[in-house]
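Listed in TrEMBL for this protein:
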DOMAIN    8-35  domain 'CHHC U11-48K-type'
DOMAIN    42-69  domain 'CHHC U11-48K-type'
REGION    75-104  region 'Disordered'
COMPBIAS  76-95  compositional bias 'Polar residues'
Amino acid sequence: DMLDPERLIQCPLVKHHWIRARRFPYHLVKCKESNPEIAKKLATCPFNARHLVPQADLSNHIMKCNDKAFVEQDVVSRSSESPQEQLNNGSTWQAPPSAEDWET
């Protein structure tokens, strides 16, 4: 099951590292730091930072990446919204009223 946080994932940097899915992002950061020569040869997928592939294979990976569909679906669904709806779905933060008078 892809959603199981306990499933084991093979590290793309050191093939004998098997990490639980819930710890995988943390492992990648540490493993990149520990193996800079290997990390230099890998590229990060623009759709999922957990996907590290050889730099020569990146364009092929991008075309086939399963996570690409999620990004494209989000772009399509957002493009059908009006600009006002897009603003409403964003941040709800508003600046507090100011007592300053810049004219004086």
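Glycine is no exception: its Cβ is also placed from the backbone N, Cα and C atoms.
Across the domain 'CHHC U11-48K-type' (42-69), mean pLDDT in this model comes to 92. Helix, strand and coil content of the domain 'CHHC U11-48K-type' (42-69), in residues and according to DSSP, is 13 helix, 6 strand, 9 coil. In the domain 'CHHC U11-48K-type' (8-35), helix, strand and coil residues by DSSP number 14 helix, 6 strand, 8 coil.
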